[in-house]
Amino acid sequence: MLFLNAKFIDLDLGESAVIVNEEDLKGTSYYPQDRVLIESHAGSVIGNIYSTKTMVQKGEVGMLVSELSEISISEGEEVKLRHAEKPESIPFIKKKMDGQVLNPHEIRTIIDEIVSKKLSNIELSAFVSSTYINGMNMDEISEMTKRIAETGDMISWEKSLVVDIHSIGGVPGNKYALLSIPILAAAGITVPKTSSRAITSPAGTADVMEVLTNVELKEEEIKRIVKTTNGCLAWGGGVNLAPADDIIINVERPVSIDPQPQLLASVMAKKIATGIKYTVIDIPVGKGVKIKNEAEGAKLARKFIELGEMLNIKVECVLTYGGQPLGRAIGPALEAKEAIESLQDPKNAPKSLIEKSLSLAGILLELGGAAQIGEGQNLAWEILESGKALEKFNQIIVEQGGTPKKPEEIELGEYVEEILAPIDGYITDISNTAITNVVKEAGAPRDKKAGILLNSKIGNKVTQGDVLYTIYSGSEERLISAVNLARRVYPVKVEGMLIERISKF
C-alpha cells in the first residue's frame, strides 16, 4: 500500500488514471498500467497507474480533475493506493473474443463494469473488437440493450404516443433531423430527439445543433422543452441517458468502427431511455457508408424490427440512398447554415435533403395519426412550405438556450481553399469516405467551422476551372493538411465523355 498526497491535474486521458512519480514505484509491487484503488476519508475510485519523472513530485499522486466527481477529496490530502481487484468481466470478454455466446449475467456484468470504470480503455477496446469480429445473437443484443438503458436516467412521458427518427449514419451532411423534427413538432407530434456526437462522420446531429443552441440538457429541461414545443434536439450524453453507450462510443471513435451489435444496442437503448414507443430507423445504403447494398440493409432492418419487438417498441425501417453526401454542406457550421436556408426557402434547397426529410417525417405523421396512410409526405411539405417548421425550429432553439440566427450570421472557417475542375466533363463520383476524411482533416467535428461545401453533385456538368468544392477550416495548418489530402484522394471525380482511346490490340 502507498500513502501519497493528492495533487489535482487538469488533464483528461479518456479513462480513470492516477499519475505517480517513478521514484515512489521503485522497490514496490506497483507498475505502470496496474489497476489501483485510491481511497480517501470520503470514498474511493479506481484508476490505472501512469508514471512520471516531473509531472508530480515524489510523495504526490496526480488526480485527474475530470475524475474528481467520483471521489470527495481536497488537494494535498493524504490518500492511500492499493491494488484493485481484477474486474469480474475480464473472463467474459475473453469468452466473446473466442466467439462464444454470453449469458445475461455476463453481459450485464460487462456493462456495469464499463459504467463503474472498472475496465480500462484497453480492456473495453478488446470487448468492442470482439463484438466487431464475432458478432452477437439477438438474445445477447437484447440483454445488452436493456442493461445499457438501465445504467442511466429513464425518461417517462404523460403522453402514450412518443416518436423518434434515427439514422445509423455514415452519410456526410446527414442533417435531415433539423428539418424533420420541427415538421413533426409543428404537427403536434411529441418527438424528443436525442442524438450522439459524430462517430464515423464529420458531424453528428448534436454537433450541428450545437452551432445554434445548447444541446447538453438535463432530464427536467428536456421535459420542459418538449412540453412547450413538442420536440427537442439534444445530445444524449448530456442527459445521462445510457452512459455506457457514450463510454463505448469514445473507444470506437479513434478507429472509426461501429460494430453492428453495438449499433443496434446503442440506437435502441436510447429509445428505451427516452420513453420512445414508435421509431423510424433510417438505413443509408451505398458506397462509402456502413451498409453497402440493399440486401445488407434489409438484413439489418429485420434485426432492428426484431429487437424492437423484444423491447416493446414499434420499429419501421427505411433504406435510403447514401451513395453521396446529403445536400451540399458537410461539417457542423455549414450543415447548420444549410438546414436554416432549407427551412426558410425549401423550394430552392437541395432536393436530396428535402426529399429525405419529408419522407422520414411523413412516415411518423402517418404512424402518429396526423395524416392518412400515403398522405404523410404531402402534409410534411405543407408544414415546411408554410414556414411553420421554421417557426417551430426557432422556438426549439430559444427553449434550449440559444438565439435564432440568419444563415449569414453563422461563422465559417476563416481559412478557405477552392478546389477547381481539372478538365471539362461530368461529376462521376463523390466519395463519402474521402469527403469524410478531408473534412475531419480540416478539423471537424471539434472545429465547428471546418467543412466542405460542394458546388456540384454526381451527374452535373462542369467546365475546366469551375469550383468543385470549397474547404473551410478554423486553422491554417489544418486547412493545408486537408487540401493536401484532397489532392491525393480526389473526393470529387470529373471525367470527360471520352474515357479511353484504343488504336491497337
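Cβ coordinates come from backbone N, Cα and C, glycine included.
Because the structure is a prediction, the values reported are computed rather than measured.
Here Swiss-Prot flags Gly170, Ser196, Arg197, Ala198, Ile199, Thr200, Ser201, Thr205, Ser266, Lys290 as AMP binding site, drawing on sequence analysis. If you look up Swiss-Prot, you'll see Asp258 marked as active site, proton donor, on the strength of sequence analysis.
The structure, with features from Swiss-Prot marked on it.
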residue : record                    : CB count, 10 Å
Gly170  : AMP binding site          : 22
Arg197  : AMP binding site          : 22
Ile199  : AMP binding site          : 19
Ser201  : AMP binding site          : 27
Asp258  : active site, proton donor : 20
Ser266  : AMP binding site          : 26
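Site extent for AMP: among the recorded binding residues Gly170, Ser196, Arg197, Ala198, Ile199, Thr200, Ser201, Thr205, Ser266, Lys290, the largest C-alpha separation is 17 Å. Rounded to a whole number, the C-alpha distance linking Ser201 (AMP binding site) with the residue listed as 'active site, proton donor' is 11 angstrom.
Between the CA atoms of Arg197 (AMP binding site) and the residue listed as 'active site, proton donor' there is a gap of 13 Å. Separating the Cα atoms of Ile199 (AMP binding site) and Asp258 (active site, proton donor) is a whole-number distance of 8 Å. In this structure the C-alpha atoms belonging to the residue listed as 'active site, proton donor' and Ser266 (AMP binding site) are separated by 10 Å. According to DSSP, Ser266 (AMP binding site) sits within a helical segment.
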